[in-house]
Structures are given as C-alpha cells and as structure tokens.
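**Q** Swiss-Prot feature annotations, pasted as is:
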{"type": "BINDING", "residues": "220, 221, 222, 223, 224, 225", "note": "NAD(+) binding site"}
{"type": "ACT_SITE", "residues": "243", "note": "active site"}
{"type": "ACT_SITE", "residues": "277", "note": "active site"}
C-alpha cells in the first residue's frame, strides 16, 4: 500500500511502479500510482481536516512537528539507508540530509513567530494588529535530489502555519517519500492533515488541476515549473511557490591558493554528482598564467574522483546519479557541446554500463557556438575564459536563470561589484555555490523561480497577512468630520 489518504494506507489504482537502486539495480520499492480519483480523495480529506487543524493552538501543532524531529533522530540510520540506496548518493551525504531535516524544525518554529506571528501596535483609541492565517489545502511537489530535506522545507512550515498538505514525491524517489510520511504518521498527525500520493506526470497533473487547492509549493526543474505556472495562470487566489534550477556561474579571478580554489570549485560543481540546483555549471576563469595553473590543477584533482556505491568503503566523494538515463543525459550534453566546437578537458565516462556511476567531465566552451541556456543536471562543468572582470560579470549574467553566482578572488572590491551587478538570489564570495544556510532565503530570479524556499522564508508563503484595527469599547469620537451633526434634537422635523 503506497498511498496515505485520510490517515489510511491504501493501494494505488494507477500504474504499477518499481524503484531500483541506480547503481546496483536491485529492486527497492514497488507500488501503484494514485489514480485521479484518489488524488481527489486526498484533496477532500485535506479539506475536511483543515478547519480543526487550523484552529488548534500553535503549541499543539508545534508539539507534533517536534515529535517528528525526534523520530527523525531516532530513525536516522534507517532513513539514511533508504535515501542513499534510492538516490545513489553516498552514506555520508544522506546522513547530512537527515541532519538538515532535523535542524530545520527549530528554525521553522522560530520563523513562524518572527515572520508570520502576531504583532500588536498600541494606538490612542485601540490597537493595530497584524496576524497571519493559513491558506488551506496546499500541494507539495518534491524533487529527487534531496527527497527528504527539500519537501521538508515546504511541509514543516506549511503544517506549522495551519495548512493541510497533499505531498507528491518525485516518481524517482517513492521509497524515501513513503519512509518520511510514516514518521509523520508516528508523530500523531490527525487524519487528512498530510496525505501522500505517488506517481509520475499524470498524478502531478491531476494534483495541480484540482480546483479545491489553495496553493502549490514546488521544487524541481524549470521545465516542470513553467508548466505549473501556465496551468495555474489566471488563478490569483492560489499561492504558487516555485524553486527551480540554475545555470550557475562561478568566477575565478587570480586565486592566491590554487588548491583551496580547486577544492571550492569541486564542491561547487560536483558534490551530489552535480545534482544540486545551486551547482556551478559555468566556470569563468581569467586568462593568464594563474588561470592556466588553476585549470590544470582542477583537471588533475577532478580526474581522481571515482564514484562508487552508497555503502562503499572508504566512502566516495560522489555516488551515482538518480538513474542511468540521467547519466546518459549528461554524456549526451557533453557530446552536443563538442559538436558545437567545445574542447574536452576531462571526458565524463560511465564507470560501469547499466549503472548511473559517472565520472565528472570538464569542457572548454570558449570557442563553442550556439550553446543553449539550459541546466545540465549532473557532473559536467563548462569553462569559459575571460580577460577583464566586467566581461566576466556580463558572461555570468548571460542566462535566463538567476539562482546562484560566486567569486573566487582575494579582492573584496571585485565582490562588491559582483554584489551590485549580479542577477542571482545567492551570491557567494570564496564559498561554494552549494553552501546555504537555513536561516537565509533560498531561491533566485528569472527562470529559477519566485518565492524563497527554506525553513526561514518559507513561512512567508505558507500564510497570508490579516491586518486589524481594534478596540474593546465603541465611543463617539470627540472630533467629527465636517458635515456630521450628532446634536440631540436638532434633526429635521416631519411635516
């Protein structure tokens, strides 16, 4: 039984789905997709549960969410195993994902009070009060790269605010989605407050088409995000929060410590096998001897990265991609770049056919032409050379995306210029592009999305503000507006 609707585990009525390990190819999970009718049932359950959940004292909702955090800690080893096996990422990285999920609970509670709690301002004749109210029924679409952590960044603040949720994990990570929801069940969520529907495109389309939804929170590709935006066009009554991808630039301007710069570039481009939306896709390196030395060392160290299974010992820096198809997509993109005139510096290769284990690739795009502005979601780093910093910033901004941007340089003035001119929601200096704080906004501009998904700023789109002017006693003002006469017995006499 792969669906959780109104507090019951039920069997999907749609197509059968089998999830295999992308490296070892053993079957991990099997179940059935939700039918459109079951998606509708999940929405009805969420709608029915909403009034009582929203009326609960915040402390009661907080207690359940904090119980969920306790269960995450108690089940960390097992959930790590599930996520690592299903995604292909190494054990060490899956463990950090669970830790991030736990840490976001406390931050989300604080964010609720700080950003969307109640604020009272005393006035001479009463008070002005700002309150926040939940939207109602929200759909949450989860991605596959962080199947626990990223949906958690929507679900936790949504529940704290008093919303009810229909959660659709990625069709590539149904096992992780189910494992997380089972912990929510143990935490004591009332029936219908959180509902799980499994499936691919058809399930997603049925969910986003529900007329009774009050909003949709999405993390995933720009293509799907654009489709959802079109589907919900003309429905301003629904909140739509999109966190999408990026074609992110990392500028390298005469680094003083070559190895430190190389380490930062590798962390930016290849962690999670390049499957983070903030990963560096474009490396802009200044022409000259320092830039040449940096590139040579980057190629040398990257060539030593050997992807391996999730439980390999010693642990690898990167594991497999989410699927063999995803690995083949990266190889296809590399070949397309070569056909357009790019020069291969380090060829990406499948470690073993039939698996998703792919070595990182580096390619010089300086002489390539007609390169599409698309996110290649995997370990492929494209290099451009530049002569002056103004040109580097222009190249960095030459994308429809605007998620992350970064600079490796000892020069603070260069970073100050980038801060003013960069078109990105995240701009880092001598820090990996993939580094982010849960207390900071996470998101970008342009094709990278609209709202800022994270434990802190997610509170903003999980509740709407209600302004009130209020006083316990109603009295006639001492000073009246012109034309108003409340003098006793001074009205018009009847004929």
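Any Cβ shown, glycine's included, is placed from N, Cα and C.
Fair warning: this is a prediction, and the values are worked out from it, not measured in the lab.
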**Q** Distance check, please: Cα of residue 243 (active site) against Cα of residue 220 (NAD(+) binding site), rounded to an integer number of angstrom.
**A** 7
**Q** Using a 10 Å radius around its CB, how many other CB atoms surround residue 225 (NAD(+) binding site)?
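**A** Other Cβ atoms within 10 Å of residue 225 (NAD(+) binding site): 22.
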**Q** Taking the Cβ of each of the recorded positions and counting other Cβ atoms inside 10 Å, which one has the highest number: 222, 223, 224, 277?
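**A** Result for the most crowded candidate: 277.
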**Q** 10 Å Cβ neighbour count around residue 243 (active site)?
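**A** Other Cβ atoms found within 10 Å: 27.
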**Q** Hey, does DSSP put residue 222 (NAD(+) binding site) in a helix, a strand, or just coil?
**A** helix
**Q** So which other residues, same chain and not among 220, 221, 222, 223, 224, 225, have a Cβ within 8 Å of the centroid of the Cβ atoms at the NAD(+) site?
**A** 218, 226, 227, 228, 244, 245
**Q** Distance between residue 224 (NAD(+) binding site) and residue 277 (active site) at the Cα atoms, whole Å?
**A** 14
**Q** Output, ordered by sequence, the same-chain residues six or more apart from residue 220 (NAD(+) binding site) with a CB under 8 Å from its CB, or 'none'.
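**A** Listed in sequence order, they are 141, 143, 170, 243, 244.
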**Q** Around residue 221 (NAD(+) binding site), how many other C-beta atoms are within 10 angstroms of its C-beta?
**A** 15
**Q** Do me a favour and check the Cα-Cα span between residue 221 (NAD(+) binding site) and residue 277 (active site); whole Å is fine.
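**A** Approximately 9 Å lies between the Cα of residue 221 (NAD(+) binding site) and that of residue 277 (active site).
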**Q** For residue 277 (active site), just give me the three-state DSSP call.
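**A** Where residue 277 (active site) sits, the three-state DSSP reduction gives coil.
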**Q** Do you know offhand how many angstrom separate residue 225 (NAD(+) binding site) and residue 277 (active site) by C-alpha?
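**A** The Cα atom of residue 225 (NAD(+) binding site) is 13 Å away from the Cα atom of residue 277 (active site).
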